[in-house]
Every structure is written in structure tokens, then in C-alpha cells.
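Below: one structure, written as C-alpha cells.
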Ligand SMILES: Nc1nc2c(ncn2[C@@H]2O[C@H](COP(=O)(O)OP(=O)(O)OP(=O)(O)O)[C@@H](O)[C@H]2O)c(=O)[nH]1
Ligand SMILES: [Mg+2]
């Protein structure tokens, strides 16, 4: 086992095989995490019961293979998020952009992630989901309500960037297959550049 791991590490180092990256899909309950993961995995739109137990699927985007973990978003499930942080290569935080009443709660969670030292160099993709529904916030409003302006890598409204970690907000509809593909390609390109845990 030791020899096999050693040989595998050498092959990865020289680029002969790709490392499987750990990706967390997190966010408040009902945001669309499980719907997203099953949609990316096999293209099907599935109604899931609320996620009580973490589950994962293997996804390949470009040259990157992810083991993507859906950790559930209700209060008790959120307690395990941080136990995954030390080994993670990327974080997808999904927000229901129509659930305006719960945006302060989403803001508290994403702020906690973006200011957590353990994942300070980990790329964070924020998906503003459910844009197919009426009454959703647009990108600029979501940036304001989530308080993420200073964390975004791209030049949104300000030059004030307090962090060099890759972070972006992509508006999406899992149901209508909009946005998240670009988001995952963004993530794959940043994980390749980052090489955390390699
Ligand atoms: N209109 C619309 N509904 C969506 C979209 N994505 C997910 N949903 C719906 O949102 C509801 C919750 O989706 P889930 O994927 O179960 O949510 P979750 O984030 O896994 O929730 P927990 O497991 O409780 O943490 C379901 O009824 C989905 O069909 C979307 O892009 N648009
Ligand atoms: Mg779920």
C-alpha cells in the first residue's frame, strides 16, 4: 500500500495521472445542492429529500476529477462542514437567490467560510441559484446582501480586495441548466493552478 501510494504520488507529480480533488458543495438547506450534484452527475433532475448524511459523487470537468461531497444544509448538518476543511481543494457555496428572507443567514455562513484560516487559499465558487424563478435577486444585489464584494477576485464594483484567494459569484439555475457549468469550469481551472494538498 505504501509503495503504491508513493508510486502514485510520483506519477501525479509528473502529470501522468490526475489527482482526485475534494470539492465541498455546501449552503443553506433547500438551496439546491443535491439537485445540482445529481444533475451534474447524470444530467437528471431529481427531487431529493433533505440531506441528512453526507454523500459524494465523482465528477470530471476538463482534466480535473472531483470527488464532490454534498454535506446537507440544515443546522445539524452544517456542524460537520468544517471537519472537511483541512483536506478540501475547492468549495461550492450555493445560495437560493429567491429566498430573500434567509439571505442574512446565508451571509453569516459564507462570511464564516471566507474568513476561515484553514481554507484561506481554497477557491470558492458561489452560485446564486434559482434565477429561473420570479423575484430572485440579481448578481449585484446578491453581492450586496451577502457582503462578498471585497472577497471577489473579479472586478465587480470595487478595487478593494482583501484576499488573493480565487472567489467568484456565478448566477445559476440548476433546473434550466444555466450558469453552473461555467462555475465548475472556473473551479477546475483554479484547482489546477492551486495544487493544494499535492
Ligand atoms: N426553481 C428552481 N428550483 C430549484 C433549483 N435548484 C433546486 N431547486 C429546488 O429546490 C428544492 C431544494 O433542492 P435540494 O437540492 O434538495 O436542496 P439542498 O440544498 O440539497 O437542501 P438540503 O439537503 O436540505 O440541505 C427542490 O425542490 C429543488 O427542485 C433551481 O435552479 N430552480
Ligand atoms: Mg440535499
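Each Cβ is built from the backbone N, Cα and C atoms, and glycine gets one as well.
Automatic, uncurated: that is what TrEMBL annotation is.
When the candidates 51, 60 are compared with the Mg(2+) site entry in TrEMBL, which names 29, 34, the shared residue is 51.
Apart from 29, 34, 51, the residues listed for Mg(2+), the same chain places the Cβ atoms of 30, 33, 48, 49, 50, 70, 72, 73, 74, 77 within 8 Å of the centroid of those Cβ atoms. Geometry remark: residue 51 (Mg(2+) binding site) versus residue 31 (GTP binding site), CA distance 11 Å. Ligand 1 lies under 6 Å from the Cβ of 129, 174, out of the binding-site residues 129, 131, 174. For ligand 2, the binding-site residues lying close by, meaning a CB under 6 A from one of its atoms, are 33; the full candidate list was 33, 129, 131. Comparing local CB density within 10 A for the binding-site residues 29, 34, 129, the maximum falls on 129.
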